[in-house]
Structures are given as C-alpha cells and as structure tokens.
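Noted in TrEMBL for the protein shown:
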type   : residues : note
DOMAIN : 117-203  : domain 'Ig-like'
DOMAIN : 212-288  : domain 'Ig-like'
DOMAIN : 299-387  : domain 'Ig-like'
DOMAIN : 392-430  : domain 'Ig-like'
DOMAIN : 444-553  : domain 'Ig-like'
DOMAIN : 556-635  : domain 'Ig-like'
DOMAIN : 643-722  : domain 'Ig-like'
DOMAIN : 728-808  : domain 'Ig-like'
SIGNAL : 1-22     : signal peptide
C-alpha cells in the first residue's frame, strides 16, 4: 500500500509542471467564527487524482478508490469523493490560511479566515478634565475577546477626522488629540469589528475647560458722551467653562465690583475713564478683558463774549474772546446772526476761542455772538455790541470865498468821525483862540486885512487822530510784497518828516520817500514792523500824526514736529506741530495722505500694527496765503510678550511669557543675550513664566525674548521692545527775556519725556490757556510784557511740570 501511495505522489509531482493556472475555491462560510464547520469545494467538479493542501501541508491524497486522509486530520476532516469537497469541523484560529486543491490539470486556492467573535469593548481616557490648548487627550479602546480587529472612532455620530493634532496608534486602538479645544468634548465611542462580529463601547465624555474668550461689552444707553446725572449700565459676557469670575476696573484701578453688570448712577465728570470688565477662569488660570472709554461731561453752563482792549478803532486789530463755563469741544462765531468764516483778515485762535480781525472795517460793526458746543449741549452768548471808532476823515469847509468889508462871514467844517471830533480854526497860520472846538467859525465885521486862508483841523479824542494821519490804501501788509504809507493832511506844510518807534526814519535800499508824504517799502521785511508817525512843519506851527502800527505778516516758516518715531501697538502717540508765523498759523495733520486733525496737537487713537506710515503737519497762514508742510516716519511695533500695564519709570511692571503646550523651563534674553538678573541698576524677579521689574527704569529698556524648552527643543518668542515712559524732565523755555519794541518774539518750551509732552502756555498766572503747543509767538508790546508760564504734561505718566519766563520790552 505504501508503495502505491508513493507511486501516486511521484506520478502527481511529475504531472504538476503542466497544471493550468489556479482556479477559485468556494467556502460555505468565510470568514467564520471559531468552532464552526466549513466545507471547501471547487467549481472544477470531481477530482480523481490530486491533493488537498493547507499551507504546504498535505491533508488529503486523492487517488482512485479510497482517498487517503493524513493522520493529523483524521477525525476533523471529511472528504467527499463525488464533489471533491473538503469539510473541516470545529475550526480553530490555527485553521486560518491558504487551502489548495491540486488536480492533474488545474489548481484551485482559497484563503480561509477563522476569527474569534468580539466581546466586552471598553473605552477609557487618560484624563477627562482637560484645559483647552494646554492638555492632550489619550483614548484607549480594548476588547476582552476578538481577533482581526478593525477600529472606527466616532465623536457623536461623526467619524473622527485625523489631522496634525489627531493621531491613531497601537493598530488604531489608541486615539491621541493634542491641545484639545472646546469642540473636542465628545461623546467618543470606538466601534470594533471583524468578519464575524462587531461591538461599540459605551460613550466617554471629556470635560474641557476653556476661556475666557470672545468677550462682548454692551453699554446702555448707547452714547458717545454722557451728560452728568445719567445712569449707565455696562454688561459683559464671555465664553468660558467653568464660568469665569468677573470684576471691574476703571483706568487700571479695581472698583471692587463683581458680576456681569456694572451700574453707574447719577454719574459725574470725575467718573469718566476707561472701564474694563476682567474675566478670570480659575481652572484655566487665564485672564481676558474688554474695555471701553466712557466720557462724561457737564452741559455748558454759560457763554460770554468778552473784549478786554480799548476802543475799537478802524483799521486796527480786534480780538474777541469766548469764555465758556464747562467743557467745550467746538466754538463758532456769529455777527448779526451771520456765521463768521476765516478769510485774509479774519482768523481764529485757540480752538476758535478767540476771534481775531487784523484790520477791522467799518462794515464789521454790529452784534457779535459765540456759540459753544460739547458732546451733550450747546449754548449761544448774549449779543456783544462792537462800536467802531474812526476818523476824523479829511474835512471839507463850506463858506464864502469873498465878502464885503463890514459884513460877517461864517465857515462850516464838515468831517466824518466817531465820536464827533473837536475843531481848531487857523487863519493864515495863526490859531483863532476865540472859536476853538466848534465846527463853525463866524468872523467879526470883516476888514481888508482879514483876507486869507482859513483852515479847520479836526481831532478825535478816542482814535487820537486829526487831519494829519498815516494811512495806507493797501491791506494786509505781507513780507516780501510792495507796501506804502501816506501822510494825509489838511492845511499848509512845507516839510514832512517820518519817525519809526519814536526815532527818525531814513531811506535805505528797500525804503523810499515819494515827495516826503509817502513811504514805499519794496519789498516789506519783518523788521519793518513798528509804530510810524509823520510830522508836518511850516514856519509857524508843526503837527505830529498819531502812531500807526504797521504789522508785517509773514510765514509760516518751516514747521517742526515733536513726536515719537515709533510706539508700541496698544498705546497711543502725541505729536506737536509749531511754526514761526504772524499771525499764528493754523495746522492740519495728515496720515499716509489722509486727513487726520486740525489743531497744533495730534493724538492718535489706540495703535495697531497697520498704523505705521508718514505723519505730515501742514501750517497755514490765512493772511499771507502761504502754507508749508513737514513729514516724519512713524512706526508701530507689535508685541508678542504681554505686558500687564504700561511701563512707567519707577513703577512696577511685569512681562508674561505666553507658552502654548508643555514646557520644562523658561528663561529670558535681553538684546540677544541671556538676561543677567544681577546687572547693576536692575531689579528683576523671575517667577514661572513672568518677569517682574521692581521697579522698571530706563536701564531696563531693550529687546526682550522668552525661551521655553522641553524635550523637543527650545522655542523663542518674537522680540518685545520695552520702552519705558518717563518725564517730563529737564524742562526749559528758550527765547529772549527782552527785545526792542514791536518785533516778533518766539518762546519755545521743551522737556525730556516719553511720550512727548502736551504743552500749554499761560500769561500772567491766568487759569485760561493762551496757546497749545511747544511754541508761542507774539509781538513785543507793552501789553505783552509779563510772565509766560509753560505747563508740560506727560499723558501716560500723568506727571506735570511748570516753567516760567518773564519778558520785558527794552526801553519801556
């Protein structure tokens, strides 16, 4: 028997080389669970000579007659000769593999998979209480029994999407989520399956603490500015789990008020400020805040037009001031109920608080009113009457040209004047004493020796002018232009002499006389400013005109911009513009070509990184018609290390290093070098991720970086430029203490400070500011003698300094 079997095997092996390509075997069940029965058969039909082989191990030798089953398979394997099928009972895991039915002319194969059914699928997490963006969640899926496992992870009903922070490991049995966020809360399930069964775990939920973030602040009622006595409600909300603690601050001072609402009742101006709601999540240890500026203002209580000068005289300057009780944002002026606008002779100063007319005209008399506005009210003053004094104008005499002896003759002198003038009569250069101060003269009975010239001289005791006057047909007087003064008189005069500031005037290369009566300036110079008089002389009497003030308008000359070249995002910057000019220039500001403001001081809003660019100041002189501009580059620097407050010299300051993810150590660098906390003049305290300056000083300025290290390496933060705000320091006023009369004088106030100071000028201890900005220009006259006080205020440190200078006019 053994020899016949051996012969059959040899015969089969000899025939194998000509076997056709493999055909498919079918199974009654595949895959199938452990313990099941399975039948394998080929579509080729009955095989009379061949083998059934499992993973290269013989199971059945098929030969004519009775097939031979190997010893190891007897009892578990049945062969059906009719269909050449193979039945295996109670399959086990080790029965999985490749089954081959080998015939003489064909070979069929099948891979059978025997699997253990899945049971007791469980899901567990390394931790369920996690902090958003800080912690990593690790979910592990396990089964009690099962083979050939396939895992599907579900978050709710959605399949978990893999990405940079979401990874599978351990044959997909472990789900790892780095830096979880609030949307990763779950429920999570793992669905485990194989070919014969499937089962899902019970859900696992993650408690993810997050926030505070996405803060919103609502202020009711909605106003840009609130009137005193109003009730204001501030409400804040934020996304936070667990709910964050809320407290309130104003101008960085804690109000000891807690909760989502802050109620301000019957507010006063002193309660204006930057209100912040601060959220603190005690689990995430994170803070976040939202702020808004609330401006509270008193309504305007009173508005009065005031004039402090002497009589208003035609062709002389006129200045009216608007005195307002209460805060004021804007002022406008009216004359006879018509709005006044600036022109070549009319301009406004100090935020329109002063109306200036360089050469007042008769047509500009009437009722003047100023109207003051603030964000909560407006009020118009009572009318102020401006009566313009003028004259006397050149008189005319009415009376006979001839009369008979013995008759009486009456002469009338007519001269327009306000107030009416007083009169002096002259006959042939002799004053007629018996009829002074009347506008008519009646002769006694005429004799032949009373023939001659009768002259009338008119004097106005307000304008202090008479028939002899210095006049000009040209207005205004502008530097570099042609100009002339004329001595206008009635009556005989053999010679006319001129004086400037009380001293004889002589011709030069820009000043000529025309028949002694007219001075020609070609061109005008700033030094031509002064008081001019003409004196008419004949052999019997002489007369001197009242002084005529020639004010030469000039400028503006090249302006100066005082302000920072760079500032940090989240702060603001202040720029001052000044220019030498007569009259005082008005200013406009431009940022990157767009209009930004119209005063000498420009204060930015809270800066952001996109606010770098070119700051331009333009100075305008509405009388000369000239304008000049000055520009400077301004750069806003971002910060990625967080400062808890504004750094102010000699105050405590803290830098915080915001680190995302786990770290082993944090250290600090300054100016690209390891920070030496024992440096002289320094006082540092390094605690966890914060660097405390106790206090911060100018020595601490520089570029700071924090470096966080862990097993993966070191990560540097972007550079943070620490600029310490200080001052004002070393304040001084530059400019002359004294000059000759009637020249233009400029005083400049300066101080060391960051940011640049806001300057205000005061005259003779007045509480009302005379000028804003570092430069003040005025004419050296007796009225402008006195004490000039400069007030410098740093808007960040809130430190204020004062400096004074006494100015006198030489020779007075």
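The backbone N, Cα and C atoms fix where each Cβ goes, glycine too.
Source: prediction; values computed, not measured.
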Secondary structure content of the domain 'Ig-like' (728-808), with strand meaning DSSP E or B:
3 helix, 50 strand, 28 coil
Sequence gap of 6 or more, Cβ distance under 8 Å, 3 or more pairs: do the domain 'Ig-like' (444-553) and the domain 'Ig-like' (728-808) meet that?
yes
When each of 117-203, 556-635, 643-722, 728-808 is checked against the domain 'Ig-like' (299-387) for Cβ pairs under 8 Å, which one has the most?
556-635
If we call contact 3 or more Cβ pairs under 8 Å (sequence gap 6 or more), are the domain 'Ig-like' (556-635) and the domain 'Ig-like' (728-808) touching?
yes
